[in-house]
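A.B. asks: Pulled these features from TrEMBL for this protein:
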ACT_SITE  162  active site, proton donor/acceptor
ACT_SITE  187  active site, schiff-base intermediate with substrate
BINDING   75  pyruvate binding site
REGION    1-22  region 'Disordered'
């Protein structure tokens with residue numbers, strides 16, 4: 001990955017530039033070490049935030065040594081959190097991380113609301129922000145860039161933009177993002193590799209890219225061929241053993257192991273995930289519960305899996321853990 005210093009159109013205070021450079025360095029180092037962790041948010045049976053359960057869960061997540069941790073993002077049901085809950089989740093994550101790895105908190109909605117969450121994340125001690133796709137409104141690319149620009153102008157933490165759903169950037173759009181002071185990278189959730197190759201070639205050296213496709217392991221090898229080796233792992237949220245086994249095999253170019261994991265675990269998991277809208281989070285949370293992790297149910301409008309789907313998930317989980325154990 002190209003990592004020379006980035007330049008923007010506007011001069012930035014030395015302290016701000018130093019913070020951005022340090023975070024970029026730490027993220028780069030983390031990408032080599034492990035997958036990116038997107039923890040679930042724990043709720044109790046009544047749907048209230050279970051902070052004690054969350055802390056216990058995140059401690060286990062970080063014990064598996066991911067490259068960075070992204071609390072209160074899509075997998076963490078950012079859309080369902082109020083400001084007090086968001087603050088508690090980010091604060092707990094920062095405290096548990098204790099500087100060992102970068103903490104990148106999710107923010108979103110309109111730019112004014114995103115800034116409110118950005119300020120909470122800064123007060124809570126986060127290192128950076130992931131700008132989640134905005135809700136419902138369709139907009140031209142100029143508006144998408146302006147949304148990020150306005151957030152960056154009011155935030156003090158570095159930003160990573162996220163293209164998924166109705167948010168899509170062209171090569172010109174990525175160039176515009178990279179010129180915004182404070183914007184350090186882009187997470188991609190579209191899996192359009194032709195387009196992504198154009199984006200990586202258009203971006204300046206030092207601009208980070210992340211594979212943020214649902215169940216990113218499916219496309220991990222392909223993403224790496226266009227210069228995007230770093231990826232988030234939903235599987236890590238419930239079975240770090242499986243996610244880390246795949247990551248290690250990928251790093252070692254062990255095609256036999258990656259293909260076996262893909263064929264027998266990841267592809268069937270994706271097929272089950274695609275049967276019901278929202279299962280990209282609901283199945284992950286259900287798998288964590290099957291493993292005895294204190295994460296609780298999802299919040300509406302998401303729904304928990306059916307009994308039949310839970311049985312299929314349980315069988316898949318057993319298969320994945322068996323395959324991961326065989327790699328040791």
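Including glycine, each Cβ sits where the backbone N, Cα and C put it.
Where the annotation comes from TrEMBL, it is an automatic prediction and has not been curated.
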A.B. asks: Where does the residue listed as 'active site, proton donor/acceptor' sit by DSSP, helix, strand or coil?
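C.D. replies: The residue listed as 'active site, proton donor/acceptor' sits in a strand per DSSP.
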A.B. asks: Between residue 187 (active site, schiff-base intermediate with substrate) and residue 162 (active site, proton donor/acceptor), what is the CA-CA distance rounded to a whole number of Å?
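C.D. replies: Pair distance, Cα basis, whole Å: 5 Å.
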A.B. asks: Non-local Cβ contacts of the residue listed as 'active site, proton donor/acceptor' (under 8 Å, 6 or more apart, same chain)?
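C.D. replies: Once residues fewer than 6 apart are set aside, the residue listed as 'active site, proton donor/acceptor' is near 130, 131, 132, 133, 186, 187, 189, 212.
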A.B. asks: Around the Cβ of residue 75 (pyruvate binding site), how many other Cβ atoms lie within 10 Å? Please give the count over every shown protein chain.
C.D. replies: 24
A.B. asks: Counting across all protein chains shown, how many other Cβ atoms sit within 10 Å of the Cβ of residue 187 (active site, schiff-base intermediate with substrate)?
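C.D. replies: The answer is 26 other Cβ atoms.
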A.B. asks: Going by DSSP, is residue 187 (active site, schiff-base intermediate with substrate) part of a helix, a strand, or coil?
C.D. replies: strand
